[in-house]
Amino acid sequence: MHAVSSSHLFYLAFCLLVLTSSATAGPETLCGAELVDALQFVCGDRGFYFNKPTGYGSSSRRAPQTGIVDECCFRSCDLRRLEMYCAPLKPAKSARSVRAQRHTDMPKTQKEVHLKNASRGSAGNKNYRM
């Protein structure tokens, strides 16, 4: 488990203050290092993108793309908006099932080894034993 450092607690408190708007306060914006710190806190180990990832086969003549700076620095944004820029979770690697594996190199029993040697016949050595 990771210990929570005082800087993480500060960023948590900061994010909560910035991202929760009260009736008297105007909308808040996140810019520069504050925006990066908020994204690191929200996304954690997944990482984040400054622009939303595009799908395959996207046209080079598309409309100009807005990024996190446009949405959270020039305008205000909420926690859900920040989460949209987090990298997707990588699927956990599952342990392979033992039953699903084919066992072709299974050790042979003594009887199988004896029968195999007996079927070879004598190769000039009458006293051949295993």
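Glycine is treated like the rest: Cβ placed from N, Cα and C.
Per Swiss-Prot, the feature compositional bias 'Basic and acidic residues' maps to 102-115. Residues or ranges marked as compositional bias 'Polar residues' in Swiss-Prot: 119-130. Among the features that Swiss-Prot reports, disulfide bond is placed at C31-C73, C43-C86, C72-C77, with the record citing similarity to another entry. Among the features that Swiss-Prot reports, region 'B' is placed at 26-54. Taken from Swiss-Prot, the feature region 'C' covers 55-66. Per Swiss-Prot, the feature region 'D' maps to 88-95. For 97-130, the entry in Swiss-Prot reads region 'Disordered'. Per Swiss-Prot, signal peptide is recorded for 1-25.
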DSSP helix/strand/coil residue counts for the region 'B' (26-54): 15 helix, 2 strand, 12 coil
Sparsest-packed of the listed disulfide-bonded residues (C31, C72, C73, C77, C86) - C-beta count within 10 angstroms: C31
Number of other Cβ atoms within 10 Å of the Cβ of C43 (disulfide bond) across all protein chains: 16
Subset of disulfide-bonded residues (C31, C43, C86) lying within 10 A of C72 (disulfide bond), CA to CA, in sequence order: C31
Three-state secondary structure, C77 (disulfide bond) (per DSSP): coil
Segment-level pLDDT (mean, integer) for the region 'D' (88-95): 74
DSSP-derived class (H/G/I helix, E/B strand, else coil) of C72 (disulfide bond): helix
Rounded Cα separation (Å) that holds between C86 (disulfide bond) and C31 (disulfide bond): 17
Distance, C31 (disulfide bond) to C77 (disulfide bond) (CA atoms, angstrom): 11
